[in-house]
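Taken straight from TrEMBL:
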type	residues	note
DOMAIN	3-191	domain 'Mannitol dehydrogenase N-terminal'
BINDING	Ala4, Val5, Gln6, Phe7, Gly8, Ala9, Gly10, Asn11, Ile12, Gly13, Arg14, Gly15	NAD(+) binding site
DOMAIN	198-342	domain 'Mannitol dehydrogenase C-terminal'
Amino acid sequence: MARAVQFGAGNIGRGLVGYVLRRSGYDLTFVDVVDEVVRQLNALGRYPVRILISGGERLETIDNVHALHAADVEAVVGAVAGAQLVTTAVGAGVLPAVADPIREGLRRHPAAAINVIACENLLGNSTRLRALVEGEAGSTVPAWAGFPDCVVDRIVTGSNDPQQHLAVTVEESFEFLVARGGWVGDVPRIEGVSFVEDLEPFRVRKLWLVNGLHAAVAYLGAHRGYRVIDEAMQDRVIRQIAEGAAAEAAAALRHRYPAFAREELSTYAGRSLARFRDPRLRDPIARVARDPLRKLGAGERLCGPARAAVEAGLPARHLATAIAAALQYRAADDPSAVQLAQAVEQQGWRAVLMQTAGLPPNHPLLDLVAEAQTDRPGAGSVGE
């Protein structure tokens with residue numbers, strides 16, 4: 001039986017990566033920093049997955065799992081050294097912490113194929129992890145170790161029931177794409193995973209038509225006082241802006257990648273919005289909106305499609321409205337939001353957006369955002 005090590009036993013780790021790997025027969029070991037999660041995984045050896053389907057739900061159990069605490073470095077390194085597949089779902093900011101045990105595990109690994117997939121919402125996710133593993137000292141990753149980039153997508157929520165701490169609720173559909181060119185050795189059959197030759201169009205599609213629309217709803221919802229995504233989607237104004245942003249982003253995407261059919265993108269975007277409306281997936285707005293400075297970045301989920309649309313001569317008014325809402329996002333417990341508020345107060349929103357999105361002073365997107373500041377329902381000034 002092939003062995004896999006999954007860094008991160010959080011919602012995505014259990015509800016997507018662990019779910020897929022165990023269903024495909026991998027001997028799976030989780031690595032996490034939360035004592036109680038590690039304890040329960042080892043005590044129970046399983047966890048429940050509640051899958052939402054049309055008109056109801058079904059329950060699956062992911063069994064025969066093990067867990068290691070990240071502080072037990074020797075055991076973690078040993079697990080990596082004995083694995084054929086290593087995956088992560090820890091968040092981009094935590095990748096440097098997992099690079100060290102992966103580096104040492106590869107050093108002890110027999111000269112046989114092993115692949116490392118960083119299932120993070122990050123451009124060039126596994127490529128970045130490889131760079132961290134190589135480190136400043138320039139450690140050489142062996143030729144038999146692959147770091148294929150990936151695109152993953154599934155909404156997963158945890159449980160508030162202390163008796164079901166490991167339980168996760170997931171939507172039935174998911175996306176798990178892996179770059180074939182980065183894989184070393186024979187490509188395995190992993191249920192639900194597709195290996196593709198060119199990952200980039202799919203990465204941008206997901207970034208713009210899932211993450212971007214999710215962020216748009218979150219920032220608009222926060223501005224209008226909502227706390228969860230599905231409640232924000234019941235607001236007619238927010239829903240109309242989100243639908244407009246979906247159409248604009250889809251048009252910009254098709255302009256960049258003509259191989260995508262218009263109907264295909266419309267269906268994909270519509271499915272995203274339908275997911276956000278599902279009241280069974282109580283996704284907190286604070287989670288989706290977190291780190292607005294990064295999400296306002298050049299090539300990111302909001303400014304990426306908006307800039308692409310404007311520069312192609314396509315409409316971007318609804319995307320600009322979402323950007324305006326993001327600039328006004330405030331959350332005292334989010335360091336990025338605090339930094340954004342301070343920057344807007346000191347420099348004005350134009351200067352901040354020019355910096356984060358890499359826009360020149362005369363870029364027409366700035367004018368669209370300026371219009372949105374006054375046109376957006378319930379808008380307040382964010383300063384100049």
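Quick reminder: no glycine exception, Cβ is built from N, Cα and C everywhere.
What TrEMBL annotates, mapped onto the structure for a quick look.
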| residue | record | Cβ within 10 Å |
| --- | --- | --- |
| Ala4 | NAD(+) binding site | 26 |
| Gln6 | NAD(+) binding site | 29 |
| Gly8 | NAD(+) binding site | 25 |
| Gly10 | NAD(+) binding site | 18 |
| Ile12 | NAD(+) binding site | 26 |
| Arg14 | NAD(+) binding site | 29 |
Taking helix as H, G and I and strand as E and B in DSSP, count the residues of the domain 'Mannitol dehydrogenase C-terminal' (198-342) in helix, strand and coil.
102 helix, 2 strand, 41 coil
Coarse DSSP state, helix versus strand versus coil, of Ile12 (NAD(+) binding site):
helix
Quick one: mean pLDDT on the domain 'Mannitol dehydrogenase C-terminal' (198-342)?
97
